[in-house]
Amino acid sequence: MDDQDPGGISPLQQMVASGAGAVVTSLFMTPLDVVKVRLQSQRPSATSELTTPSRFWSLSYTKSSSALQSPGKCLLYCNGVLEPLYLCPNGTRCATWFQDPTRFTGTLDAFVKIVRHEGTRTLWSGLPATLVMTVPATAIYFTAYDQLKAFLCGQSLTSDLYAPMVAGALARMGTVTVVSPLELVRTKLQAQHVSYRELASSVQAAVTQGGWRSLWLGWGPTALRDVPFSALYWFNYELVKSWLSGLRPKDQTSVGISFVAGGISGMVAATLTLPFDVVKTQRQMSLGAVEAVRVKPPRVDSTWLLLRRIRAESGTRGLFAGFLPRIIKAAPSCAIMISTYEFGKSFFQRLNQEQPLGR
């Protein structure tokens, strides 16, 4: 905060507390994030209209490998499970080669099939990229939120009621812009289970074809998901925490109250912003498309057009694909993160009271 008293904490201490919370949350919640991404990147039907141009935008292709002896055939990485799907060069399906990718019918089914066919470690695929992204991003985000909220309230730029909403939105906007390339990499690792060498080749191909701007593919829907999520989350969190705390002073809010308030707020915000999360996942899955079957990668459609397309192909239900794992993830992850952060702040507050800042 701007004016520190002996019981306050410094921005550096805020960053340490939030960074620790990010590590704990990532270790516990990455499996649910992997399942959510798999369900969202899965197409409505693996065997229907595979060659319709509108379906190519969400798929990633690779050129023929030694596994394909006949010229002109290609291996299609479909639905994020790396199971082969063979197509003739003219786009005609060849049933004699066709191997239907594993389909997930729900959250539990996805957990079981991923563990059975790919191993338990796959549930933590993308964890290194997740930690590299979330630890600094969370540290910046939470520290920026506290600093912005204190500034807005201190300067009377907005009411105390709406200060959390404004501060949360602004803090998240900056964070999304900085970490968007790493978010894209993490999504690719989780959805397609590719090696880091294959991922590097995919990123290099994308930069060659679309320039450095391609690394921010999905920034629009990510911002549309995360900025409103942040605004809704902090607004509801402060309200619920205040209601649960009652007459308890704000600086004495228990970790338990923070846990419950964070879980409730995360659940509400995640539900309202889920359609944008689906669009973000589908758009980022188009990274690395090449002309493996003489199909030129289509132009990137707008977020609203993709929302309409998903609804047309999969119905309203398609806009809420991965609802259960996202909610199951959002509630505990928000609860774990905010309670760990509040615990860390309380720890540093006690430490600073025993040894005042500046000594």
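Note that Cβ sites are derived from N, Cα and C of the backbone, with glycine treated the same way.
Relative to the membrane, Q40 and E313 are recorded by Swiss-Prot on the same side.
Under the criterion of 3 or more C-beta pairs below 8 Å, with sequence separation of 6 or more, the transmembrane segment (318-338) and the transmembrane segment (165-185) do not qualify as touching, having fewer than 3 such pairs. With Cβ pairs under 8 Å as the measure, the transmembrane segment (165-185) is packed most heavily against 215-235, out of 15-35, 122-142, 215-235, 256-276. For the transmembrane segment (256-276), the list of distant contacts is 221-222, 224-226, 228-230, 232-234, 236-237, 240-241, 244-245, 248, 303, 307, 319-320, 322-323, 326-327, 329-339, 341-342: same-chain residues at least six beyond its ends, Cβ to Cβ under 8 Å. Within the chain, the transmembrane segment (15-35) has long-range Cβ neighbours (under 8 A, six or more residues past its boundaries) at 9, 107, 110-111, 114, 122-127, 130-131, 134-143, 190, 322, 325, 328-329, 332-333, 336-338, 340-341, 343-345, 347-348. Among residues of the same chain six or more beyond the transmembrane segment (215-235), those with a C-beta under 8 A of the stretch's C-beta atoms are 145, 162, 164-169, 171-173, 175-177, 180-181, 183-184, 187, 203, 206-207, 265-266, 268-270, 272-273, 276-277, 279-280, 283-284, 286-287, 300, 302-303, 306, 334.
Residue counts of the repeat 'Solcar 2' (159-243) by helix, strand and coil are 75 helix, 0 strand, 10 coil (DSSP-based).
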